[in-house]
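What follows is a set of notes on a single structure, which appears directly below.
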Amino acid sequence: MLAVGATLCLLSFLTGATGRLAPDDLCYAEPRKTGPMPRSKPKHQPLLFEAPKVALTAESKGCQLILLDPPIDMGYRLEDKINASIAWFFDFGNCRMPIAYREYYDCVGNAIPSPETCDGYSFTLVKTEGVVEFTIVNMSLLLQPGIYDSGSFIYSALLDMDVLTGRVILNVENDTNYPCGMTHGLTADGNINVDETTHTTPHPRAVGCFPELINFDAWENVTFEEMGIPDPNSFLDDESDYPNTMDCYSWDLYTYPKSLKQAEGPQTLLIGAVGLRILAQAWKFVENETYSQHTRTYTRDAKEVDVTQPSPVQADSVLAKKRTSMKNNPIYSEGKPHAKPFSTIDSIHTEGMKNNPVYSESLMLNVQHSDSITTGGVLHGLQDCDNQLKTVYICLALIGLAHVP
């Protein structure tokens, strides 16, 4: 009887869920530089110490912001100080692509390593494609999944001398009938066949994370180095200098991943950078639907609010004809853009923009018709940006605004 009970316990551990909705206080897009600051660059590189032996599952839908948690039990450990590290990878089958890596130093031995429970932590290595899609929160991976993020995420944790390696199989609902579009993800540039479905059944659209609109100059004093974003001057003008999306390696090849960039900002800043990516993406609004509407409802009830879309026919009709006033929106006031006209982009003075991820007059909320979203989302859109656009987020904004009537 004990053997049967032990077997059932083991099976439940191997198939349990380890993904969860991110707490509401992680859904923000302003640049917060609070809490402990990182100490220096990591001393080591992210490694897969062994093949994962634990497989867990996670679910995501709509615009949800989620945390993938490694199942780490610190309760049995002593309080003696330890060093720790966490690496996250995506498993493409024939190779594993590194996504994020961080080291912690002199941590309380029986607490989850974090900037608050450790005496110090390293800069975070993050995979970037001009925007911050992922970051580490303590030992967990934070992201807003698209339908092309379904797949196997691998964690590799080191707690002093103890190695914990496993995989989290993320299942993203392939319904794209949400304001955030959903057509982005790690496999968007590959040959993965995903059905981009728009469900006919009415369901809430305000599902997930809708960061409060921010002042357009909020990120003015944040550098590319703090966010781990390559200076657009270095890769928009020369595509060959930009890391390959599929930079990954097999189990027996431990080469330093070029696609990981060093983000020197604190954990709170990188969380905001993920929120900024959410805010800057191309949005799909239906008639009489606005972003500020979802921001208000999300603030009141961050789980699900009944703002439904009756049918895909209405979704594909036209952008909202009457937009409500969005006084805090750097783009729209009564539906009119504040940004400089496209014809004047060439004359934008860029001398002070070289280390600024968001040009102070051009942080925009992207709005598109639902039929203008293409597979791959912002990753594909970046390839169409003019070389004169020296800021990634102004580039994203123009992609979206180019489709607004």
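Cβ coordinates come from backbone N, Cα and C, glycine included.
Taken from Swiss-Prot, the feature signal peptide applies to 1-19.
Feature annotation from Swiss-Prot assigns N-linked glycosylation site to Asn83 (among others). In the three-state DSSP reading, Asn83 (N-linked glycosylation site) counts as strand.
If you look up Swiss-Prot, you'll see Asn138 (among others) marked as N-linked glycosylation site, on the strength of sequence analysis. In the three-state DSSP assignment, the secondary structure recorded for Asn138 (N-linked glycosylation site) is coil. Sequence-distant neighbours of Asn138 (N-linked glycosylation site) (same chain, six or more apart, CB under 8 Å from its CB) are Ile112, Pro113, Ser114, Pro115, Gln267, listed in sequence order.
The N-linked glycosylation site feature in Swiss-Prot is assigned to Asn174 (among others). Every protein chain shown contributes to the tally, and the Cβ of Asn174 (N-linked glycosylation site) ends up with 18 other Cβ atoms within 10 Å.
The Cβ neighbour count for Asn221 (N-linked glycosylation site), using a 10 Å radius and every protein chain shown, is 12. Look at Swiss-Prot and you will find Asn221 (among others) tagged as N-linked glycosylation site.
In the shown protein chains, 13 other C-beta atoms lie within 10 A of the C-beta of Asn288 (N-linked glycosylation site). According to Swiss-Prot, the feature N-linked glycosylation site maps to Asn288 (among others).
Per Swiss-Prot, the feature transmembrane segment maps to 389-405; the stated evidence is sequence analysis.
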Neighbourhood of Asn83 (N-linked glycosylation site), C-beta criterion under 8 angstroms, separation at least six: Glu103, Tyr104, Tyr105, Asp106, Cys107, Leu158, Asp160
Distance, Asn174 (N-linked glycosylation site) to Asn221 (N-linked glycosylation site) (CA atoms, angstrom): 38
Rounded Cα-Cα span from Asn174 (N-linked glycosylation site) to Asn288 (N-linked glycosylation site), Å: 24
